[in-house]
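**Q** Submitted below is the structure of interest, expressed as structure tokens.
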């Protein structure tokens, strides 16, 4: 049984090593692809999409190149952290450390789980700082000061503790009470997800960003009118002061019921004209009208169910936990091991997840082109790509694994194809 357990441990390490090698190979493919595109640019495409300048296009490839190389380095460091957790006994060290304290079991267990997440998030923050103050500053996007970056990170940690501490305490308490603990934990996790989604526009976003009502009354009235006409009445449209941190742009719809809000980055309102802004918002509206958000929620909930079933499987096979030199009779060990292993087993599902996301993006583009107009949407894409230094195309295999949106080249061709046939799409029930 011991030999079987050790085989399982080294199989996990082998899988992690294979995933790192695969990730590095895919990234290298993308770098070569971008290099070829940079030296032999598709001039007809650039003429067609009216990029601001050929030099800005060249900058977009340099920008992508540096982001990918940083991501490769990040993958190596997270792989080393994984080795620290598993074969080098980091999880066991953390377990033994927190068991020393004379806390109740669920409290020491909560500290154990929080410390695992904190170490991983600290590494994530390090690379975020390198990207923000290195790459983003070099290309003129960063507006964040070190003090503001630190404020955001401390705020993130405080919010995480606010939600995760009660959640872990509740999970560990329930686990001691029932053999169906995994099912009850899943139900609690679902409630928390919807609670956070409700709180996001009302409480969480305003903690970090200043929101102010859209001042352009004509634009506000027009947005409200067209949204109401399409079965989505909304009366709260805010402009978010994103330029205080970055010059990148975005827009999104968020919230439930009377707390539904449209949030526009101030950078986006400065880049696009009215027709283009409404086209972008129609794209976001389509995610609601076509049921994409509810499908996404369902997939997330099913993913959570798989996660808790995996937890139950680990808990049932105590020898697996013991093989990692953890105490199989200490409940938090099961949760800690799952935190480390779950990303490993979810990685092969990335292509499926991104295929669904790209499919949703194409459907939303079609909705916006048919319900509003194709030309403003195309012009908006041109400006967003140009001002954000996005690449217009990607290596197909790399895109399949890592990109949630079709390339802008593909999107523009798709929108133009759809716009040739201006018939209305079939009636779609409004998603509430």
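Heads up, the Cβ atoms here are built off N, Cα and C, so glycines get one too.
Below, the features straight out of TrEMBL:
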- 284: active site (ACT_SITE)
- 283, 287, 361: Zn(2+) binding site (BINDING)
- 213-417: domain 'Peptidase M48' (DOMAIN)
- 76-94: transmembrane segment (TRANSMEM)
- 106-127: transmembrane segment (TRANSMEM)
- 148-174: transmembrane segment (TRANSMEM)
- 186-209: transmembrane segment (TRANSMEM)
- 298-314: transmembrane segment (TRANSMEM)
**Q** Mind checking which residues of the chain, 6+ beyond the ends of the transmembrane segment (186-209), have their Cβ under 8 Å from one of its Cβ atoms?
**A** 152, 155, 159, 163, 167, 170-171, 174, 240-242, 244, 254-256, 259, 261, 263, 297, 300-301, 304-305, 308
**Q** Return the single residue from the recorded positions list (284, 361) that has the minimum number of other CB atoms within 10 Å.
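**A** Per-residue Cβ counts within 10 Å for the recorded positions 284, 361 bottom out at 284.
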**Q** Could you pull out which residues elsewhere in the chain have a CB under 8 Å from any CB of the transmembrane segment (106-127), counting only those six or more residues past its ends?
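**A** Same-chain contacts beyond the flanks: 70, 73-74, 77-78, 81, 85, 91, 94-95, 98-99, 153, 156-157, 160-161, 164-165, 168-169, 172-173, 176, 330-332, 335-336, 339-340.
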**Q** So if I exclude everything within five residues of the ends of the transmembrane segment (148-174), which remaining residues of that chain have a CB under 8 angstroms from its CBs? That is, six or more out.
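**A** Distant Cβ neighbours of the transmembrane segment (148-174) are 105-107, 109-110, 113-114, 117-118, 121, 125, 129, 132-133, 181, 184-185, 188-189, 192, 196, 204, 207-208, 244-245, 331-332, 335.
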**Q** Report, as numbers and ranges, every residue of the chain located at least six residues beyond the transmembrane segment (76-94) whose Cβ falls under 8 Å of a Cβ in that stretch; write 'none' if there are none.
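**A** Distant contacts of the transmembrane segment (76-94): 9-10, 12-13, 16-17, 20, 112, 115-116, 119-120, 123, 127, 324-326, 333, 336-337, 340, 344.
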**Q** Between residue 284 (active site) and residue 361 (Zn(2+) binding site), what is the CA-CA distance rounded to a whole number of Å?
**A** 9
**Q** In the predicted model, what is the mean pLDDT computed over the domain 'Peptidase M48' (213-417)?
**A** 90
